[in-house]
Amino acid sequence: MKLATFNINGIKARIKALGDWLDEAQPDVVVLQEIKSVDEGFPREMFEERGYQVETHGQKSFNGVAILSKLPLEDVTRGLPGDESDEQARWIEATVVGDRTALRICGLYLPNGNPVELEADGTPVAGGKYAYKLAWMARLKTRAEALLAAEEPAVMLGDYNIIPQEEDAANPEKWREDALFRPESRAAWRAVVNLGFTEIIRTRMPAPGHYTFWDYQAGAWNKNDGIRIDHMLMTPQCADLVTDCGIDAGIRGREKPSDHVPVWVDLAL
DNA sequence: ATGTCTCGAATGTCGAGA
């Protein structure tokens, strides 16, 4: 079973590029981020024609996540628990039913967090975007703890908007004060990973220089000025199933690309 | 040194978000 994550930066602008990649890569399950569409406006037909079941959690203009699956999906839930007042569409879960085992999939679009606004004592300004990012990550940790406690195959994958370590950026210095790389962000990331998850790309592709995002600005792709911010965190029971993984970086160089590229894994499901 | 793209509201351009 091939599982992938892809921040598409707008479904309407990505119909051609996404369709081409699906036809070539042939993933069985894909989580999408930044669909930037309400559920009713999502072009589900182009995926259903290709044999995918489509589950969306959209909102107008911004954010929005989805799951495409050629395997049966069960128990679909929308929204990250822990804050009923949070109206941003950034989390969707479903159970993928395989021949041998089931896999809980959590597709996520973690808040960007910029601009970083801090009080004089260094605490994030309440109500600001950086405070929202860190609060969201605290809720993520709570959900992550429950997934681990279940001792079953589960994966949380998507656009984490986190550069975990220096080797995950071509030019770490220019990200030093950014919400994607600041110490508070990276500490919150480690607090989740260190609960006992396998970060599968780090584990299987440990060399530096594997990026998943290149900014549209300043010729970042041509200079390979990238960062690795799209990740997969697996419970031990899920990590045991992995047979291969990769990053489809090449599609960043095509016509009308997203600024992110797909990250994928093969699982003996 | 500079450099981009998407969406939506309001129009034929702009602000917000990333």
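A Cβ is built for glycine as well, from the same backbone N, Cα and C atoms used for every other residue.
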Worksheet item: Which one, A:ASN7, A:ASN171, is listed by TrEMBL in the same Mg(2+) site as A:GLU34, A:ASP159, A:ASN161, A:ASP259, A:HIS260?
Response: A:ASN7
Practice prompt. For the recorded positions A:ASP159, A:ASP230, work out the Cβ neighbour count at 10 Å and name the residue with the minimum.
Written response: A:ASP230
Worksheet item: Mean pLDDT, the domain 'Endonuclease/exonuclease/phosphatase' (A:4-260)?
Response: 97
Practice prompt. Would you count the other C-beta atoms found within 10 angstroms of the C-beta of A:HIS260 (active site, proton acceptor) for me?
Written response: 22
Worksheet item: In terms of DSSP three-state secondary structure, what is the assignment for A:ASP230 (site 'Important for catalytic activity')?
Response: strand
